[in-house]
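Engineer: Quick one: structure below, then a few questions.
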Amino acid sequence: MASQSKAQESPGRRRLEERKQLIMEIYNTLRSADIAGIEFEGPEIAVYIRNPKFIVDNEGVVKDLARKLRKRIVVRTHPKSRKSVEYTIKFIRENVPPDVGIVDIQFDDVLGEVRVIAEKPGKLMGRGKVFRNLVLAETGWRLEVYRKPLLQSGLLDSVLRHLQRHAEERRRALRDIGERIFRDTLIGTRHVRVVGLGSFGEVGRSAILVDTGESKVLLDAGLSPSGYGPDSYPYYWSPEFRVDELDAVVISHAHLDHVGTLPLLFKYGFRGPVYATPPTRDIMIIVLRDLINLMRRAQGEPPFEPRDVEKALTRLIPVNYNTVTDVAPDIKMTFVNAGHILGSSMVHLHIGQGLYNILYTADFKFYRIKNDRSTRLLPPAEYSFQRVEALIMEATYGSKETQPRAEAEEELVNLVNKVYKRGGKLLIPVMAVGRGQEILVVLNEALRSGKIPEVPIYVDGMVYEVTAVYTNYPELLVKPIRDRILKQGENPFEGPTTVYVTDHQKRDEAMYSDKPAIILSTSGMMNGGPIVEYFKYMAGDPRNALAFVSYQAPGTLGRRLQNGEREIELEVDGEIRRIRVNMDIVSIEGFTGHSTRGELLSFLRRLQPKPRNIVLNHGEPSAIAALAHTVKTGWSKLGFESPPIIEAPENLEGVRLYPRNLKMKLALQHS
């Protein structure tokens, strides 16, 4: 009878018992810490103690406990046990070497952290844990040391100020989220199903709903690059989607086609957590604030307001790479490097206590051959995992190969010289995130090596602000770039001729000067931003050229020009005018941050373990069809022991990954 009673026990009751056991285990193990309270804060179990010296003397005990319980446990001193801000600042300044060059000291009341920003943080880091432990034991604050950014960003500073101002609101939000994650479950995991709300059979407005019966998690919340209206939003009005049923939103990276409608969810009632890497958080806030301004200029009143962006920031939980995190009662999430832009992630979902595992690649950059230089800034995407039953993979370049990176760089250098010799200007539309930084590194290296003349390089739009974030996370960049920042104190993104366009005077100088110049400006697909103003003025001069260095989505001005349109109607001084395009239009595809066809296949070949199911998205229909055909006919060459089940659903279609009738699926696939 006892075994029968246990079998009939509800998932909710089991969850409640597990929670009680967790708390008892923590109390028993950390009894000497003088525990003031235990709180479920977001995905972490926060243990508040009155004795900060316990953390110093028992760091290994806490790690062992977290490993045993398979939970993220963080030990913080109780707020009443921390010394005052004034005392802590005085103590730190009196105990650091004088040449450290402290720039700022910031406090995070929620995390119990004191952050020291210094010109020479190595002087503190070199002292290892000794100084950190000294500060913790004396003040109760956990010390974190950061290098002074090479570029100062007012927008980035405002993110930190917002987090400090809303500390109490963040604390309440974390505890609400924690209660939801560790809640009593109702039915447990019954199935694993994904629904495409965007990015299926298209590029843009990425949004994928993962439904387990017990939980619902949204992967990305993007905006179509073709416009700003409702037709550019994901299918949030689908009957299967309700914001009040969402457990979490997971953001893979900070491009607008993956994050552009996140504030819309908060406007319409979402109050759950948003998970992203720290760089994605910083960049995301910058580009979303800029998006509101772009929408105002393009269509009047935007569909959401700055306060909706701030709501998202308040409820955002930053998660580092390779950190397993509970995001729902039956879902654990891990971010791994995707190699696409700074902070970009593949998302691994572990569902139902080992029942099923999904890998969502989002946008990623791999390599054809090991050590191939397909990007100057980031290491390639990860490819080794413990378990992967289903793979949701992008197919942006599934139908064609692009030129090798070395050829692309050579073509850009040749184009600069060609335009310079005829006295023209080279206009390069770039995304503020990713391509902007890649092109700056290439151009400045070419300038230093004498491959191009000392021509002014104007940088307009949000490229400057985002580049400041790149310099803030050198540890995530490839070693040559990282060493230039950390060891040599150089900024690899700027050179002697770099000019940041910070006002109308600089923009007029870039536009109206009769001297040759290179102009990098947003947006990368020319659907808004300063690039359109430059284009209006420069398009008619045959000495000028426009170079595309990234994907141009259907419906954008960039795609129209790429397809050969040479008469474009645009608004000039409040009137619609026809602009004749006499400038050269060039596409250099080797700079893409997406995996090329060869790199997609190389990833599938190296991916371990091999998935049973492959769901293709984020590609035009022809690209998805071509990649699906190659995998379907060449699965053995890619290292699969049996043919994978390949799905290519359209938006609003759902795919049941578990459980499923495999016999029927295989019969249909091979009929």
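Here the Cβ of each residue, glycine as well, is placed from N, Cα and C on the backbone.
Taken from TrEMBL, the feature Zn(2+) 1 binding site applies to His253, His255, His340, Asp363. Feature annotation from TrEMBL assigns Zn(2+) 2 binding site to Asp257, His258, Asp363, His618. Among the features that TrEMBL reports, domain 'Metallo-beta-lactamase' is placed at 204-400. What TrEMBL lists as domain 'Beta-Casp' is 436-561. Marked as region 'KHb' by TrEMBL: 83-150.
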Engineer: Just to verify a number: CA distance, His253 (Zn(2+) 1 binding site) to His618 (Zn(2+) 2 binding site), in angstrom, no decimals.
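Structural biologist: Per the Cα atoms, His253 (Zn(2+) 1 binding site) and His618 (Zn(2+) 2 binding site) stand 14 Å apart.
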Engineer: Give the number of CB atoms, excluding that of His618 (Zn(2+) 2 binding site) itself, located within 10 Å of its CB.
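Structural biologist: The answer is 29.
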Engineer: Far apart in sequence but close in space: which same-chain residues, 6 or more away, have a Cβ under 8 Å from His255 (Zn(2+) 1 binding site)?
Structural biologist: Gly222, Val287, Ile341, Asp363, Met431, Val433, Gly434
Engineer: Hey, does DSSP put Asp363 (Zn(2+) 1 binding site) in a helix, a strand, or just coil?
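Structural biologist: Where Asp363 (Zn(2+) 1 binding site) sits, the three-state DSSP reduction gives coil.
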Engineer: Determine the mean pLDDT over the domain 'Beta-Casp' (436-561), rounding to the nearest whole number.
Structural biologist: 93
Engineer: Applying a 10 Å Cβ distance cut-off over all chains shown, what neighbour count does Asp363 (Zn(2+) 1 binding site) have?
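Structural biologist: I get 29 for this one.
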Engineer: Near His340 (Zn(2+) 1 binding site), which residues of its own chain have a C-beta under 8 A away, given they sit six or more steps off in sequence?
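Structural biologist: In sequence order, the residues whose Cβ lies under 8 Å from that of His340 (Zn(2+) 1 binding site) (at least 6 apart) are His253, Ala362, Asp363, Phe364, Lys365, Leu378, Ala381, Gly434, Gly593, His594.
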